[in-house]
Amino acid sequence: HVLTILGNSLVIITINASKTLKAPMYFFLSHLSFADMCYPSATIPKMIADTFVERKTISFNGCMTQLFSAHFFGGTEIFLLTAMAYDRYVAICRPLHYTTVMDRWRCGLLAGASWVAGFLHSILQTLLTVRLPFCGPNEIDNFFCDVHPLLKLACADTYVVGLTVVANSGMISLVSFIILIISYVVILLNLRSQSSEGRRKALSTCGSHIITVFLVLLPPMFMYIRPSTPLAADKLVILFNIVMPPLLNPLIYTLRNNEVKSAMRKLFRIEGRMG
């Protein structure tokens, strides 16, 4: 968790401190890194604290806060990846119109819409869950409060709520995945008409995005595009989804991007001289 916070903080600081990383792609990347910092922070600190006590408890309000925060930042991450794919599509498929289409106002609008969409997605999940009656024993068979384990505890018919979860979380993940894959297929087809240097640079950037898409979207698709019956693998899948993408994204986006690496080297040299 410490590595996740440090890695994403470094990306945000580098992008905001560098004069060369002003392209829309880096604007979205800074938002993605912030979401990647907050997403695991909604659950991991409590999980770490629970390893030091025998009786692991959480209040009802704390449980609902975990549920809301995890889906808020996780959903926002998915929508930001969609905005980043649109940015890459315009940059590669409509390069002459790129500066006009992806101006500062539109980038801010896309980023803001991603956060609003993540909030609406999460608040719907939370409102549906908070109204359920829980009769006890309220023992959650998971690392944190998520929809499926809470539906299992409810002493009421949760069929409609379960369908809503599939329609909400499941369809968001599936539709976003399909849109992202189609967009990158179109981008790759358009790369054939570019120079070898342009193809190499575009492939490097898009390759990072595609890796992140699979890391971020495959686990929630497994979790939510099915009935609300918990499976044995759910805990491992959701733990992977919370821990690994936020930890790996800074490495994926920096190790494959020469501009970011160059900006980081300059930043460290400046700080070293000031020190």
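Just so it is clear, glycine is given a Cβ too, placed from its N, Cα and C backbone atoms.
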The annotated transmembrane segment range in TrEMBL, which must be one of 35-52, 107-124: 107-124
Predicted model, mean pLDDT over the domain 'G-protein coupled receptors family 1 profile' (7-253): 87
Intrachain neighbours beyond the transmembrane segment (67-86), with Cβ under 8 angstroms and 6 or more residues off its ends: 25, 28-29, 31-32, 35-36, 38-39, 42-43, 110-111, 113-115, 117-119, 121-123, 125-126, 129, 144-147, 150, 169, 172-173, 176, 179-180, 183-184, 209, 212-213, 216-217, 220, 241-242, 245
